[in-house]
């Protein structure tokens, strides 16, 4: 990947691989940026599946999100004290600890970074409830597509149009089409589920199937074969899922889930432009001579605000839950170790994924870095493999699903092809 490192006397001849200079390591080449984006894509597409697994196994989302928030912040701290401290600090690119001491000068950029963390936290918090209503795949597609349509457009202009507009905006159009197809997938799959459940009596639908808790940490999928009485995709499986999961969805309007999903998408569309403003100061809020926030410092402040808001909201939801969830407490949360390791793992995946996205965006433009919103490709894979989504659905649902994924692949390929190079 393209980095700039420690000694100005050594420059490797291969263009865009590794340049060594008197400053910290930063991604510089288009190839390095794309590598960061692809790795971020896998991380950001996997952590929602882990969170969904825990909810479907009955763990309260408030408990899961509190655990996730701790390691999400930890990932930013690790990045700051590794990449942000390697190499000699300069005036133009101070290292992490040096820039922390400059808060009185660079606070406007810090505020932009923290604003980005706030909207990301709101979006992530919303999606953990939306997953229960509309499924992992559709939630990720809709939120990612809204993020690209709005966020990419904002980033294109903030980055002084370094991305190729003739390539970039057709890619945005493909994402917009993917939103429409995702809605069609959800509508068709919901109709399939209603048809399955109509075969059961009301007593069967709400009969408690599971009466004991199981150990999440030893399970390789949401419903191990030995603990399932019904096959994936059947009406019986839907009943088992409803009785076991934390968020009950039977009898609730799917409009609630779609509304939460679209709200999350709006939040996600704003966090990357806010981070862009924090690290590049396009609005000239810093005084002359004050260095811009390096990506690692901006990501640290971004993650701090994300963490603080997540703690405040989820502690509140412990005592004042939403969507008819049971009331909990801090004591109950501290004592709930069932699945905590998975929640910590999800936080690390998300934290490192976001960090890699920003590292790539700083090099190739944040509009192109929004290609990581292809994460539904990964989430859909996990949704089908772990949770049996779309099993035994109608042919119509499968046609919509395949069309949605193909459109998504095309959108991501086009968006990455638009990548530029920040001077």
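Easy rule for this one: first residue shown is 1, then count along the chain.
Backbone N, Cα and C atoms are what each Cβ position is placed from, and that goes for glycine too.
Predicted automatically and left uncurated, TrEMBL annotations should be read as such.
Tertiary neighbourhood of the transmembrane segment (32-54): same-chain residues 1-3, 16-17, 61, 64-65, 68, 127-128, 131, 136, 139-140, 216, 221-222, 339, 342-343, 345-347, 349-350, 352-357, 359-361, 363-364, 368-369, 371-372, 374-379, 381-383, 386-387, 416, 419, selected by CB-CB distance under 8 Å and a gap of 6+ residues from either end. The transmembrane segment annotation in TrEMBL covers 32-54 (among others).
TrEMBL lists 66-86 (among others) with the feature transmembrane segment.
Residues annotated as transmembrane segment in TrEMBL: 106-123 (among others). Sequence-distant neighbours of the transmembrane segment (106-123) (same chain, 6+ residues past either end, Cβ-Cβ under 8 Å): 99, 143, 264-265, 267-268, 270-275, 277-279, 281, 285-286, 290-293, 298-299, 301-307, 309-310, 313, 354.
According to TrEMBL, the transmembrane segment annotation covers 130-155 (among others). Long-range neighbours of the transmembrane segment (130-155) within the same chain, counting only residues 6 or more positions beyond its ends whose Cβ lies under 8 Å from a Cβ of the stretch, are 45, 48-49, 51-52, 55, 123, 168-169, 171-172, 175-176, 178-179, 181-183, 185-186, 189, 245-247, 249, 252, 254, 256-258, 260-262, 264-266, 268-273, 276, 361, 365-367, 369-370, 373-376, 379-380, 382-384, 387, 389-390, 401, 404, 408, 411, 415.
Long-range neighbours of the transmembrane segment (167-186) within the same chain, counting only residues 6 or more positions beyond its ends whose Cβ lies under 8 Å from a Cβ of the stretch, are 134-135, 137-138, 141-142, 144-146, 148-149, 152-153, 156, 254, 258, 367-368, 373, 397, 400-401, 403-404, 407-408, 410-415, 417-418. Taken from TrEMBL, the feature transmembrane segment applies to 167-186 (among others).
Sequence-distant contacts of the transmembrane segment (254-275) (same chain, at least 6 residues past either end, Cβ-Cβ under 8 Å): 112-113, 115-117, 119-120, 122-124, 126-127, 129-130, 132-134, 138-139, 142-151, 154-155, 158, 183, 186, 190, 298-299, 302, 323, 357-358, 361, 366, 369-370. Taken from TrEMBL, the feature transmembrane segment applies to 254-275 (among others).
Taken from TrEMBL, the feature transmembrane segment applies to 295-320 (among others).
TrEMBL lists 341-360 (among others) with the feature transmembrane segment.
The transmembrane segment annotation in TrEMBL covers 366-387 (among others).
Listed by sequence, the residues of this chain that lie at least six past the ends of the transmembrane segment (399-419) yet keep a Cβ under 8 A from its Cβ atoms are 30, 33-34, 37, 137, 141, 148, 152, 163-165, 167-168, 170-172, 174-175, 177-178, 181-182, 184-185, 188, 364-365, 367-368, 370-371, 373-374, 376-377, 380, 390. Here TrEMBL flags 399-419 (among others) as transmembrane segment.
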Intrachain neighbours beyond the transmembrane segment (66-86), with Cβ under 8 angstroms and 6 or more residues off its ends: 5-6, 24-26, 47, 51, 95-97, 294, 296-297, 299-300, 302-304, 306-307, 310-311, 314-315, 333, 340, 343-348, 350-352, 354-355, 359
